[in-house]
Amino acid sequence: MTEVALIDAGGANLGSVRYALQRLGVEPRLVCDARGLEGAARVILPGVGSAPEAMARLNNQGLIEPLLRLQVPLIGICLGMQLLFEHSEEGDVPCLALLPGRVRRLTPAPSIRVPHMGWNRLLPLRASPLLAEVPEGASAYFVHSYAVPLTTAAVAACDHGGMFTAIVQQGVRCGAQFHPERSAETGARILRNFLEMDAA
């Protein structure tokens, strides 16, 4: 069985991500320090909360340098995806810079609520193993006030008063702005695709 490390970055979605993995037949290893990453074939960085608090927790856990050196597939979920980028406007905090780009606050408008909460359509941009067998027109469940504008690493977008990156993949570094653990069959498919993707 593939060893999956699930990082405890203090997010409230940790339990639901773990349960989603268990439904796929995977019992993840909960990780709170660098030693927990040893031997992992896949790493998942979930997150709910603020970027400054999450980065401080990763630093206190001694996980920043190990994440920067990581060679196996890594996926960030919701705030976890945002932490993969260079910088977040939320608290004006430097992030992991594993992917190029900056996290911006969503702009509210009369018909656009922030935070963005609920189901929204995924708009594929290019081929990716993460999107294998995900049907056209599939939707996912979002809860966020910050997002990454479209980048060259984006493989799917979402429109909420403007387009933003919904799924990102650059080599083995991946991210989902939505909550796959709350996105029914679409979310389960994307998690399975991540677990099965080529590690090269």
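Glycine is no exception: its Cβ is also placed from the backbone N, Cα and C atoms.
Here's what Swiss-Prot has on this protein:
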type	residues	note
DOMAIN	3-200	domain 'Glutamine amidotransferase type-1'
ACT_SITE	C78	active site, nucleophile
ACT_SITE	H179	active site
ACT_SITE	E181	active site
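Sequence features annotated in Swiss-Prot and their locations in the structure.
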residue: C78; record: active site, nucleophile; Cβ within 10 Å: 27
residue: H179; record: active site; Cβ within 10 Å: 21
residue: E181; record: active site; Cβ within 10 Å: 25
Worksheet, complete the sentence: Rounding to whole Å, the Cα atoms of H179 (active site) and C78 (active site, nucleophile) are apart by 6
Fill in: Cα-to-Cα gap, E181 (active site) vs the residue listed as 'active site, nucleophile', nearest whole Å
11
